[in-house]
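Asks: Below are the features I grabbed from TrEMBL:
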TRANSMEM  73-93  transmembrane segment
TRANSMEM  99-123  transmembrane segment
TRANSMEM  153-171  transmembrane segment
TRANSMEM  191-214  transmembrane segment
TRANSMEM  226-244  transmembrane segment
TRANSMEM  278-299  transmembrane segment
Amino acid sequence: MKKANPFTHDGFAFFLLFSCMHYDFLSNKSMEYVVLRFDLVYYVTHTPKRLPGGKDMDSFLGLLKKDIKISRIWLLAWICGIIFLFMTGHIIASRTQEPLVIFGFFVAVAFFLLFLSPVFVFYHLHKEGKSQLWLYNPNGGFWLLSSKLAASLLYQFLIQLALTAYGIWIYHMLSLKNLLEHQVDITSTTVLLNMYGLISSLYMSVTVVVFWTVFHSIKNWRGMRWAAMGLLVTVWFFFDEYIISPLVESQKHFWPVTVYCNFDFHFRNVWRLELKPIHLSVLGFPITIVITILLLIAASKLLDRKVEV
């Protein structure tokens with residue numbers, strides 16, 4: 001029988017899998033960790049080699065499927081938690097005869113949904129850090145990080161769609177009960193708020209990627225590691241507060257759009273909801289996207305140094 005050549009694709013897969021499994025058992029790793037390592041090695045070694053420049057869509061889709069498979073149980077947990085909160089809101093509204101309680105729960109869930117993608121990105125990075133597989137992966141750091149961002153944003157996009165449908169139902173329910181101070185056109189509001197939510201979550205997710213990559217790249221700094229991260233957080237805050245935010249704010253007069261995302265409550269016999277407009281600049285979206293892409297490229301370049309975490 002022909003012996004497997006460790007320098008061929010299948011031979012490399014067998015060699016890498018055996019080496020990782022052997023190390024895991026010698027290190028007394030849990031069976032769950034060993035199974036995760038097996039699953040990750042399979043995806044790494046059975047995705048096609050990338051084309052020049054790393055633009056192999058099949059390889060990226062393989063990484064994306066792996067990340068989705070790893071985190072789908074936590075997506076189910078998020079969905080169950082959101083459903084539980086909404087059911088709680090309906091029960092309280094029914095007992096107190098205050099339908100606006102439902103709106104309050106909706107706003108709270110919509111706010112915390114902004115952090116769904118960053119949390120999932122951190123979870124993916126934590127798993128990847130345990131496996132150390134980018135040290136052997138033929139894909140570049142950009143595609144490895146992009147697959148995690150894509151999986152997390154896909155989760156967020158799907159939940160945002162469901163939340164949007166629920167929000168439209170709440171609006172029409174309050175309208176039928178005559179609990180709105182005045183009617184507004186929420187068509188553009190729903191579209192723009194969904195775009196804003198995805199772009200904001202993408203920016204925060206890439207922030208997590210940058211912090212995580214830098215933190216593990218300076219592992220050998222020992223005592224200076226946390227001091228360096230503190231300095232990075234300070235610089236990042238300054239950059240965001242005094243450069244990015246003023247830049248986006250200065251573009252408000254370019255392509256301004258009206259979004260009804262502010263609100264107030266008024267009591268006249270019953271509590272009523274007033275939706276108030278704010279003005280956003282569409283130009284702020286591409287500015288944020290460009291900055292986010294540049295940060296992602298910087299993080300991927302750092303990851304390509306094959307730093308062991």
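Backbone N, Cα and C define each Cβ position, glycine as well.
Just so you know, TrEMBL annotations are computer predictions that nobody has curated.
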Asks: Short question: most Cβ pairs under 8 Å with the transmembrane segment (73-93), which of 153-171, 191-214, 226-244, 278-299?
Replies: 153-171
Asks: Could you give the residue numbers and ranges of same-chain residues that sit at least 6 residues beyond the transmembrane segment (226-244) on either side and whose C-beta is under 8 angstroms from one of its C-beta atoms?
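Replies: For the transmembrane segment (226-244), the sequence-distant neighbours (Cβ-Cβ under 8 Å, at least 6 residues beyond its ends) are 207, 211, 214-215, 218, 288, 291.
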